[in-house]
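Engineer: Have a look at this one.
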Amino acid sequence: MTRTPVNVTVTGAAGQIGYALLFRIASGHLLGPDVPVNLRLLEIPQGLKAAEGTAMELDDCAFPLLRGIEITDDPNVGFAGANVALLVGARPRTKGMERGDLLAANGGIFKPQGKAINDHAADDIKVLVVGNPANTNALIAQAAAPDVPAERFTAMTRLDHNRAISQLAAKTGAAVSDIKKLTIWGNHSATQYPDIFHAEIAGKNAAETVNDEVWLADTFIPTVAKRGAAIIEARGASSAASAANAAIDHVHTWVNGTAEGDWTSMGIPSDGSYGVPEGIISSFPVTTKDGKYEIVQGLDINEFSRTRIDASVKELTEERDAVRELGLI
């Protein structure tokens, strides 16, 4: 195995999602079974000791693909030569915190990280923002990295995509592998819109197969959108393993391509498609090939969908305007 190792940086590496993520990256699930990796664990100073413990466990797994581990609290070191960056660490919303406070707190994290990526990452860097509010955090990081092509900054809506597939499979009795062309539109928030009008179940239109708009509006959409809160209620902690799995799926699909006859959902900088204002980072249906993605064009958007897409996009533009006022973009 003579391939050059790929440098993968994970922020918030000592957290729950980081813990669920790192072992799968090291075992080849992120990039492929023949791609060696160097891991960079980027943490805040008080997380370094826990990150060292995780690194010890990674060593103890003796993963053939894992060529090296570096732990740091300096973004300039953590992103040096990075080919893939998973920005997991973020400031969670605490009780009584206003959205503006949350955006400002995360601006203090993602703006310096974006600058470090701009100054030190490899030319082929691919960035996935997992830490919430993911879409707007990605926008903040991207704005701080003017020398990096904007399309290299993405936000994770793959967890919502996977949740929607699972709920649709449960409703119809189909296997998850039979479900194709599902779409998440908009923000990774309670306003997101999981769209089944173009989805297929074993080759048949999903909306026609379900044929139940009341279930769609009153059960399916809210269940997918509020699944994270339901998991916190049940588990006493936020979803970590499923979020890590979605991050793996997102990057793996971005690098290795979507299957023929299918697409995925990614939060990406809008080019104005489907009436989404240019520049905001919104989820779209995309196909990927050779490490690049393209928005699926020509989909007919009905009134049911249009209203919901517009509501989520409105929230994204409000978040963009808020971080602009804060001087973060």
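Cβ atoms here come from the backbone N, Cα and C positions, even for glycine.
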Engineer: Taking GLN113, GLN142 as the options, which does Swiss-Prot list with GLY12, ALA13, ALA14, GLY15, GLN16, ILE17, GLY18, ASN106, VAL130, GLY131, ASN132 at the NAD(+) site?
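Structural biologist: Looking through GLN113, GLN142, the residue Swiss-Prot assigns to the NAD(+) site is GLN113.
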Engineer: By CA-CA distance, flag whichever of ARG93, ARG99, ASN132, ARG163, HIS188 among the recorded positions is nearest to GLY12 (NAD(+) binding site).
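Structural biologist: Nearest by Cα distance to GLY12 (NAD(+) binding site): ASN132.
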Engineer: How many other Cβ atoms sit within 10 Å of the Cβ of HIS188 (active site, proton acceptor)?
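Structural biologist: Step by step: centre on the Cβ of HIS188 (active site, proton acceptor), count other Cβ atoms within 10 Å, giving 31.
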Engineer: Spatially speaking, which of the binding-site residues GLN16, ARG93, ASN132 is closest to HIS188 (active site, proton acceptor)? Use C-alpha to C-alpha, please.
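Structural biologist: Given the candidates GLN16, ARG93, ASN132, the nearest one is ASN132.
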Engineer: How many whole Å apart are the CA atoms of ARG163 (substrate binding site) and ALA14 (NAD(+) binding site)?
Structural biologist: 25
